[in-house]
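Student: Attaching a single structure in structure tokens format; questions to follow.
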Amino acid sequence: MLRTHLAGELRPGDIDSEVTLTGWVGRRRDHGGVIFIDLRDRSGVAQVVFRESEVAERAHALRSEYCVRVRGRVEARPEGSENPNLPSGAVEVNVSELEVLNESAALPFQIDDPSSAGEVGEETRLKYRYLDLRRASQGDALRLRSKANAAARKVLERHDFTEIETPTLTRSTPEGARDFLVPARLKPGTFYALPQSPQLFKQLLMVAGMERYYQIARCYRDEDFRADRQPEFTQLDVEMSFVDQEDVIALAEEILTEVWSTAGYEVQTPFPRMTYADAMRLYGSDKPDLRFDIQITECTEFFKDTTFRVFQNEYVGAVVMDGGASQPRRQLDAWQEWAKQRGAKGLAYILVGEDGELSGPVAKNITDDERAGIADHVGAKPGDCIFFAAGDTKSSRALLGAARGEIAQKLGLIDDSKWAFTWVVDAPMFEPAADARAEGDVALGNSAWTAVHHAFTSPKPEFLDSFDQDPGSALAYAYDIVCNGNEIGGGSIRIHQRDVQERVFQVMGISQEEAREKFGFLLDAFAFGAPPHGGIAFGWDRIVSLLGGFDSIRDVIAFPKSGGGVDPLTDAPSEITPEQRKESGIDAKPKRAAAAQAGAAKASSK
């Protein structure tokens, strides 16, 4: 090894030891011919001092991010010069030998100056990601990720799981998003697809008798750009045979408890649960943030006989802002703009005066009886503001759910040190395909219905006989885990019987021919004693970003993509040469298409 110690691990117990350190030059200070340098390696920082004239003369040439090796004696810092903010802050190294391992060019941004971190644009950071990762916070993010990986593996190996790698070159099968396609050079005109998840392969592993599988899996989805999404991402993927929902949930909670402990947090299990219907009714979201206690109150029945046209709608709901009646008019107007940015016409409101009198546009348009009872109905007290949404149920609840979060932010109700986990269970098995498309998802099949989770999720046992007769009422045997308003994992008990799987395909408008072509290998496998099985997949990037307190999942990915799936570091995606295009066979016609075209041409010539 080129060094004997790590810089950040030097302590008073090392005083009088001769040490060799390696690392990068951080901050440098010159004091009357004596040079002080913060030497940084993966463990942290140590102060090294150049006092001897010859070595100090050479140290004058050192600049930020030079890679160096130093040898010297560990000494106690002079009294009063200790740095309590550094683990090594009680000592320094008096350098006797200096070796420059490599020089550094002028930096595109400062690395050791935390005050400048927010001034560096993300494109620049990602273009020079290898420098960005030298920052303590960014390097620590990847080390935290490694610890989380190890913690999950520890739990799974304790339960006799087998880590298995599944293919990353497979066939294109519809799973809810667009596939990334890879041309197959040896079979011109055909393509592999990068997997959106290991879903089908892990189910086949259950058929194969592996019983307990896991994988830290890379997944790929060619989606339109959305905030804080990545075209390639990581899942902790887990599957088990001969289990029910309770077994999977218990294991998932054990994994999360162990992972959270790596960051020094203790979480209490079992986690609370709520149904999907309750989550939407009370919080306007299937991933509610439960760190604050604001709930939506349904007012549809209350206003069933109203003369106010705005409230003569399918749904009316409300949320209360504590003390919100004191907001100035400009703030109330800002709420209207906020709602319009979310596709709503506005956000109706009533102000409850300190004397209990109601004011605002809505108060003037509702009946005396409605004015007399609305505050009690929604739980508002003098000084509060009641915000309303009216319209179709789904979008109105979504608006109120967003308002709920905005109110909590404005009132400072969100405790960033708190972890609020909940399971959301009993989600619908199917949703209208039009709704899925409106949200930017790919609706599989050619039906009015598409799967909410995926096509391989089993219905709850009580809907097994009826889900294809009444798809809108069927509930999925599925469970999502939510933390602080973020969905961090989701799973289900899977279909393991061929006839049930074929019935699901029929509901989704996937013909027998298409099912056979795209999923025949899975249907065939179900014919050979497939066991009952289920599992869960955790969004690993999201979990690590939450653990580390990062604003974006990009901070916990070594080399992430920026907006639109572009990699500023390598400038990917890039064009290919004409030779590469020809060799890949990307423009070749598949044999079936070519044969069909030839047949059509022959027929037309007769």
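Cβ from N, Cα, C; glycine included.
As annotated by Swiss-Prot, L-aspartate binding site applies to E175, R221, H453, R494. Taken from Swiss-Prot, the feature ATP binding site covers R221, D222, E223, Q230, E487, G539, W540, D541, R542. What Swiss-Prot records for 578-590 is compositional bias 'Basic and acidic residues'. What Swiss-Prot records for 593-606 is compositional bias 'Low complexity'. Sequence annotations record features per position, and here Swiss-Prot assigns region 'Disordered' to 564-606.
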Student: If you measure from the Cα of W540 (ATP binding site), which of the binding-site residues R221, H453, R494 is the nearest?
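Tutor: Looking at Cα distances from W540 (ATP binding site), the smallest one goes to R221.
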Student: Hey, which bits of the same chain come close to the compositional bias 'Basic and acidic residues' (578-590), Cβ under 8 Å, at least six residues off its ends?
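Tutor: Same-chain contacts beyond the ends: 183-185, 187-190, 597.
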Student: Compare all C-alpha positions of R221, D222, E223, Q230, E487, G539, W540, D541, R542, the record's ATP binders, and send over the largest distance in angstrom.
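Tutor: Greatest Cα-Cα span of the listed binding residues: 20 Å.
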Student: Run through the Cβ atoms and count how many others sit within 10 Å of the one on W540 (ATP binding site).
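Tutor: 27, counting other Cβ atoms within 10 Å of W540 (ATP binding site).
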Student: Just to be sure I understand the packing, how many Cβ atoms besides its own are within 10 Å of the Cβ of R494 (L-aspartate binding site)?
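Tutor: The answer is 22.
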Student: For R494 (L-aspartate binding site) and E487 (ATP binding site), what Cα-Cα distance in Å is obtained after rounding to a whole number?
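Tutor: With the alpha carbons as reference points, the distance is 20 Å.
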Student: Within 10 Å of the Cβ of E223 (ATP binding site), how many other Cβ atoms are there?
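Tutor: Its Cβ shell of radius 10 Å holds 17 other Cβ atoms.
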Student: Please list, in sequence order, the residues in the chain of H453 (L-aspartate binding site) that are at least six apart in sequence and whose C-beta is under 8 Å away from its C-beta.
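Tutor: Once residues fewer than 6 apart are set aside, H453 (L-aspartate binding site) is near A427, A476, A478, G490, S492.
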Student: Report, in whole Å, the straight Cα-to-Cα distance of R221 (L-aspartate binding site) from E487 (ATP binding site).
Tutor: 18
Student: To the nearest whole angstrom, what is the C-alpha distance linking R542 (ATP binding site) and R221 (L-aspartate binding site)?
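Tutor: Approximately 16 Å lies between the Cα of R542 (ATP binding site) and that of R221 (L-aspartate binding site).
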